[in-house]
């Protein structure tokens, strides 16, 4: 029988499996801005910092949502809900992650150029990540504002991490930040909101989808409203516009930009079609939030970055995929835990 080790439990708490899908933007912004010509030491440090930023936010979120999660049948496998990780253990893990983040921030600041600016920026970022994950769905502001704050927190490192690389053209980093931020808002508004829609309604939580009047059928199919559809259209158009701007501003040949634009439009068309099948009730909402457009948006961003720094972009994309594969076993629920839940 497969035993649930401490490493596996804490890996599920911190969502370490998905860390690379959030952390890649930390090195991507500086790499694209510098055309791939950067020192490896600060890049490694900010990449590790990106992983910690993701795991820290997930831990804060699980601690903040614990009482609500205990009433949600879909969250019965959560390590905090099941007791596989104690509240004290989660708080200790949170402290360890924060301490490591401080060490890495200092290292990157010392090894890089504008160290003080980077250190201040990372302090503000972790503070807003804490605020966002603690107060999400809490009715302290309109939920769309909280979704936008989440997008800012996710995209900002693309620009912030450029501080350790010295002066340069930040235009591509800003475009990466905007594109990725929009993708993360879309993630929250669709996958994040819809998978827990009925539970959030039952416990009185506040989300953008609920404010828009969205409902689900008994079979889990979406019943959208005009305001929700309008929001999705705005986010999709914003995604396409920011990605196209990133491609068209690249210092590469017209032929390379044309190819990247064509591939980008195909990928974004596929992402839009995936959402279209959802809103026209051709398929049910994925209860785990695994929507196809998430991967398509990732590949779209990689394609848009290729004209700026081809080799660096390929390396980031490959390492992101390798991380997902290598850490997959850490989040798989062991046999003993499956039997316990059943």
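The first residue you see is number 1, and the count goes up from there.
Cβ atoms here come from the backbone N, Cα and C positions, even for glycine.
Where the annotation comes from TrEMBL, it is an automatic prediction and has not been curated.
What TrEMBL annotates here:
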TRANSMEM  79-109  transmembrane segment
TRANSMEM  115-132  transmembrane segment
TRANSMEM  144-166  transmembrane segment
TRANSMEM  172-191  transmembrane segment
TRANSMEM  228-252  transmembrane segment
TRANSMEM  299-326  transmembrane segment
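Beyond the transmembrane segment (299-326), the same-chain residues lying 6 or more positions past its ends with a Cβ under 8 Å from any Cβ of the stretch are 17-21, 24, 27-28, 31-32, 34-36, 38, 172, 175-176, 179-180, 183, 239, 243-244, 246-247, 250-252, 256-257, 260, 263-264, 267-268, 271. When Cβ-Cβ distances below 8 Å are used as the criterion, the transmembrane segment (115-132) is approached by residues 49, 53, 56-57, 60, 98, 101, 105-106, 108-109, 146, 149-150, 152-153, 156-157, 160-161, 163-164 of the same chain, each at least six residues removed from its ends.
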